[in-house]
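The structure appears below as structure tokens.
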Amino acid sequence: MLRTPLLHEQDCIIGMATPPGTSGVAVLRLSGPGVLSLVVPYLYTPKGEKVAESGFKPRVMRRLNFIDPQAPDVPLDHMLVVHFPNPHSFSGEDMVELHGHGAPVVVKRIMEVLVAHGVRPADPGEFSKRAFFNNKMDLVQAEALMGLIEATSLRAAREASRQMTGTLSEHLMALKDHLVLTYAHLEAALDFSDEDIEPESEGGLLDRLAYVHAGIKKMLGTAELGRQMRDGFELAIVGRPNVGKSSLFNALSGEDRAIVTDLAGTTRDLNESNLEIHGLPILLVDTAGLRESDDPVERIGIERAWQRVERADGIVFVAEAQLGVTLEDKALLQRLPKEKALWVWNKLDQLEGALPECLQDWPEEQICGVSCHTGEGLESVVAHIVARMEQLPEHGEGVVIMQLRQQQTLQQAIVLIEEAQEMLANGQWLELVAEPLTRSIDQLTQLMGNTDYEDVLGMVFSSFCVGK
């Protein structure tokens, strides 16, 4: 589908493709019609010879000097320059990349020179937006690109990279095409109702809608995994005060993030640490000791702890091995969702003999012991966490829904499909069924960006960095 860009997007833009700040290398990216002609006047060979546009071979680096017109005697920078003629570029337009040194003052001056010569500073995500308008990617692929840039784990990066190749887009397009075909059969039933043509039966239309409904439902079933890939698997460490929660938090995070003392109630607020285990990001949360308290500040911390327990993907319940199951432990366990909890007996170094008995109905595979003081058993705790993580499904087809916008749009589409199904099942006029059906098609069209909804496009591309 041809997408029509806004008028201001026909000019030439410049932006940094590398992070700002001092570095060994900085890459400036330019895009727009005839952009090479705007850069060439400032480029010279190492021997001081002027450079012609015809001297550039597509996608071949050239070692050149950038000359500041205000100080032409000394090169402003020595760089590698490459030209990407349209349409064989990231944006689909003529593009030039300047690979120079990462001195902020030099980069700033180069941009000032080029902006004075007719180039405009790029808006956030404008290069990707132009790529979208030039059919180099659809909106789902653009979101996958941003997901790859922001990935905090290998698993999230791999899934985003997979979706950049168009796998998710292909699944969505197949479902949309099936909806369009269903609509065509419905229209045929309306248009040729008086002709000697056998239209699709209402049962056949329902079967087609059921197929699309099941496909979207399957995609929505991956949204929770997508959230965990994007934001991390949240693991809350909970238990009575002074059982070693903060010590375990520090041991797992590999640094002394939480204060550890022998005083009960030391931790009053949440401590967080980002980890990566088996390619999946983990948000580890140390919580306040759970108990009854008259201290108003501690009560706030305890309330926050229970809130995190409710939203956490997994829970590590810590108890003291030498004491066994206390009455306080039993009271806490009544409020904990056992299906997502790991029982950790801490302070093994103070225990003589075997681990104490847990509650009778507690699964054995969800129990382990550790000494945060000596490090004994820490690998076992990590192994149990990994076992919990490995229960998450793998989606090798690249159909994990990782963006909230995608999830919400699919949810709206499925509501409309269900509305059409109900109307058909109740024998309502086909003219009425066509309305929710066309709206569901619009939802899938909007999802991939084949639409003129400028607010949707702005929402997606505004989250990008300038150089993308």
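Numbering starts at 1 and runs along the chain as it is shown here.
Note that Cβ sites are derived from N, Cα and C of the backbone, with glycine treated the same way.
Straight from Swiss-Prot, the features:
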BINDING   R29, E97, K136, K468  (6S)-5-formyl-5,6,7,8-tetrahydrofolate binding site
DOMAIN    232-390  domain 'TrmE-type G'
BINDING   242-247, 261-267, 286-289  GTP binding site
BINDING   N242, T261, L263, T266  K(+) binding site
BINDING   S246, T267  Mg(2+) binding site
Using all protein chains shown, find which of the binding-site residues R29, K136, K245 scores highest when you count other CB atoms within 10 A of its CB.
K245
Mean predicted confidence [pLDDT] for the domain 'TrmE-type G' (232-390):
79
For the binding-site residues N242, A288, which Cβ has the most other Cβ atoms within 10 Å, all shown protein chains included?
A288
Between K136 ((6S)-5-formyl-5,6,7,8-tetrahydrofolate binding site) and S246 (Mg(2+) binding site), how far is it from one CA atom to the other, in Å?
49
Measure from the Cα of E97 ((6S)-5-formyl-5,6,7,8-tetrahydrofolate binding site) to the Cα of every one of the binding-site residues N242, K245, S246, A288, then give the nearest.
S246
Measuring Cα to Cα, how far is N242 (GTP binding site) from R29 ((6S)-5-formyl-5,6,7,8-tetrahydrofolate binding site) in Å?
55
Can you figure out which of K245, S246, A288 (the binding-site residues) comes closest in space to R29 ((6S)-5-formyl-5,6,7,8-tetrahydrofolate binding site), comparing Cα atoms?
S246
To the nearest whole angstrom, what is the C-alpha distance linking S246 (Mg(2+) binding site) and A288 (GTP binding site)?
9
